[in-house]
Amino acid sequence: SMASPALLMRVVASAYSVAEKAAKIVRKVMATGDLGIVEKTGANDLQTKADRLVQMSICASLARKFPKVTIIGEEELSTDEVTEELIEDGHCEEILKKTCPAQYTGIKEEELVIWVDPLDGTKEYTEGLLDHVTVLIGIAYGGKAIAGVINQPYFNYEAGADAVLGRTIWGVLGIGAFGFQLTEAPAGKHIIVTTRSHSSTLVNDCISALNPDSIIRVGGAGNKIIHLIEGKASAYVFASPGCKKWDTCAPEAILHAVGGKITDIHGNSFQYNKEVKHMNSAGVLATLRNYDYYASRIPNTVKQSLVP
């Protein structure tokens, strides 16, 4: 008989279905018109009913199946009041059919850390910029992002009433990434994707120094990485603290699975072990290709202002 799939593949297959359930919750909350918005640290740091319900759904669903895995979510919530209708028990068969890379076949539950951003781009969600919104589930081992799921609940939302809404992108290092069409940005063009709502002099000075042909300002780290892998932008540059581990873990795994690179502004890779601090305080630099071109042009003044 077939050996049962490796733990990593079972976790990713479950995370895929859990993310699809999360997308349904996101759409349902929006459809009710009552977002239940609360400010956390200010007007640019919001939490909605969708953030809360989705995090409970993701964390409770994965914890039930994989009780020894460490799960770290953005929102500080108790999971006591999780109702059964928030639990997703399914998994994606197609993912289970893929062969687990040899270096990950022996992983035990207690060695995995899952970083969850239930709704990346909350501010954009509250403003109706729905294509910016993603649900992020990143899976780390040995401090490294090795697998991830990004769901875009409103992918296709401008394509008319009968369009199928939403899509799920997933990837594992050593297997690749799926659910989208990998495309490189136009050769010789320097298109920078950066923050929409967290701009600053430092953020803008850093971008100007790269002499871009154009700048795209959008919400959500997940959304920005999608811009890179679909060829809409050549670099994601954010010279500011504020981005957190749950913003970068899933996107990093997907970007690295297709040969891209993401680091802080100094070129340090991110660590995802459970003890690590949550803030990526030295910003973000990511590309699908030509990482060194952008890294070599980050001004020293910018680097000195951002302490890892």
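In case you wondered, yes, glycine gets a Cβ from its N, Cα and C as well.
Worth saying up front: this structure is predicted, and the values here are computed from it rather than measured.
Here's what TrEMBL has on this protein:
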- Glu74, Asp117, Leu119, Asp120, Asp247: Mg(2+) binding site (BINDING)
Fewest other C-beta atoms within 10 angstroms, as judged across Glu74, Asp117, Asp247, which are the binding-site residues: Glu74
Listed in sequence order, residues with CB under 8 A of Asp120 (Mg(2+) binding site) and six or more positions away: Val133, Thr134, Val135, Leu136, Gly220, Ala221, Gly222, Asn223, Asp247
Residues flanking the Mg(2+) site, with Cβ no more than 8 Å from the Cβ centroid of Glu74, Asp117, Leu119, Asp120, Asp247 and excluding those residues themselves: Asp51, Val116, Pro118, Gly121, Thr122, Thr134, Val135, Leu136, Gly220, Ala221, Gly222, Lys244, Trp246
Nonlocal neighbours by CB distance (under 8 Å) for Leu119 (Mg(2+) binding site), same chain, sequence gap 6 or more: Val26, Thr48, Ala50, Asp51, Val54, Tyr125, Val133, Thr134, Val135
